[in-house]
Amino acid sequence: MAKQTESGEESYDLQKLRPEVDKLFEELDAMADKPLDDESERNVLAEISKVLEQIKAKIALRGDGKEVKDDDVLPRSKREELHNLVRLLRAALVERGAASSDHCKWPREQQDAAESSGAGGADDSKPATTGCIPCGKPRASKQQQQQSKKQEQEQEEKESRVSLTLLLRLTKNVLEPEQYYEWTTSYVDEERIYGWDKEAGEVIDALVAPDGSERMFRAAGIAGIHGSGKTALAQKVFVHDKAKDNFALRLWVCVGPPDSEDRFNLLYRMLDNLGLDTAKVEDIVDKSQVVTKAIAKETAAVDKELREKAAKMVGAARGAGRQNQAVEDTAGKETPGDAPKEGSAGAGEDANNKQAKEAEKDRIFKELLKEKIDSSRAVETSKIGVLLYILNMTLSKTSYMIVFDDIRAYRRDDDDDGCWYSNLTLQPPAEGEWGDRLAYGLPKGEHRGAVLVTCRKEDDAKMMARTGLVVRPPKLEGGDAWKLFRREYDQAKDDKRKKEGGKVEEDLLLKQLGEMKKEIVDKCLGLPVAIIEAAKGFAGLEPLPDLPDDTIKLKEAAAAEDKPPAAAGGHTRTESSEGIHQADEEAAAAQAADESE
């Protein structure tokens, strides 16, 4: 539950949004009476206004201050979208407002141009004598050239404007529910993954180092667009018999999209799955020598600056307090008994005030220092280095295989050198920080070690696996693709039947779809996600009506006529040509019967 109050944190950003949306409504109303170059845009503006009315209701403050459901309040991510959208809409209105004002002036400019061209004192009834060649293209006057140039500029500006249709779609998107990331797991029903047995075998072969190898660590990657089956192929590798036989420990790590990319969270999840007490791990990290040194160094660098800032904040707060007190004293009635007493009491009060002031400065300083340390890149790197060391020590005791699924935030803007995920085959440094590379937490010792990564870009996968194998999931075709289609189609049909309470009947639509299954699979380009969505879409349709017999014969005849003619050298009457002639004769007979009726 979220309580909406004007002073609450929940509605702070809403307070900024409300006047922005109100101002946008005023500008939309002002545009209502103005002419537009494209009058069809007026309907789009009306649609945008209707959607904004709904958004305005979402961000409106409840007058009773009661608690409201989170679903009734515009989510925070949508508020950021709305803030950016308001700026785009206002810019679009400014463009069209300027254009409409030019549009109003344009007829007057043409009139002035006509008057100036006819004000030369010549008789308008007589044709002007020029030096142009008869029947040639007339040379444009300077005024006409300027007008033509201005028209071209206006056309370019019009084409460069932001589309109102696009803005309408973005406005509607603000009201759409948030899309949450679906985290993947290592659990997989092997019977529900069709095909790719060969590819899974190739990947696991690349990850298992032969006995006695000098290099017992291996890395491989799977790359492909969204919905191509990267995770499914990785799951098939993860549960492969050869993986179970060669790796005593197997760990599945879903990395997730960039907005949820958190290196601390990633490492703590891994250590938690390995059976470590994360509370004790956090205590060890905070008390480690490398972290305390980094904190001490950061504190020394900002100590003077933050103390001065804390003193200014306390001084400003106390100054404001004294001003308020002076106003209250002036407004009140002063009596002889209200005068302050002289002596030790006044001195004690000053000492107490000074002590309270110092305590307040110290409190603010500590808050500022904590905020600075929490955001320090050096301190963060030192903590990550300790976590990677603990991970390395834990994994080094046995053979292991780790799958990092869906790595999208391959590189972060503040990465100094290379990338945290790059070159997973690197050995940890003998001296120095460990926090610069994920590779340092992956031991490369006497036991087998393997890492499989999945990502969308093949180049990123190669940067992580280096010389290791990088594959793309092949297209799902033929019988495997149709098995996936049937599974999702039957599931969607069952769900629909349960929801609507229908009976199990013969599925005529499925028979029709079976006749064109090759076309369906081809249209899906072999992408599993496309096949799944197509199956769900078809499950909601009704079967096509049967065609009359005479229509079928006519279609067969038309198809026969479209066949290429026989090769030069005469026509040979074969079984197929017999069928064509027979279809022609039947079509002609059907046509004659129709005419006679």
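From the backbone N, Cα and C atoms, a Cβ is placed for every residue, glycine too.
TrEMBL lists region 'Disordered' at one of the ranges 466-509, 554-597, namely 554-597. Mapped onto DSSP classes, the domain 'NB-ARC' (200-283) shows 43 helix, 15 strand, 26 coil.
When pLDDT values are averaged over the domain 'NB-ARC' (200-283), the model yields 90.
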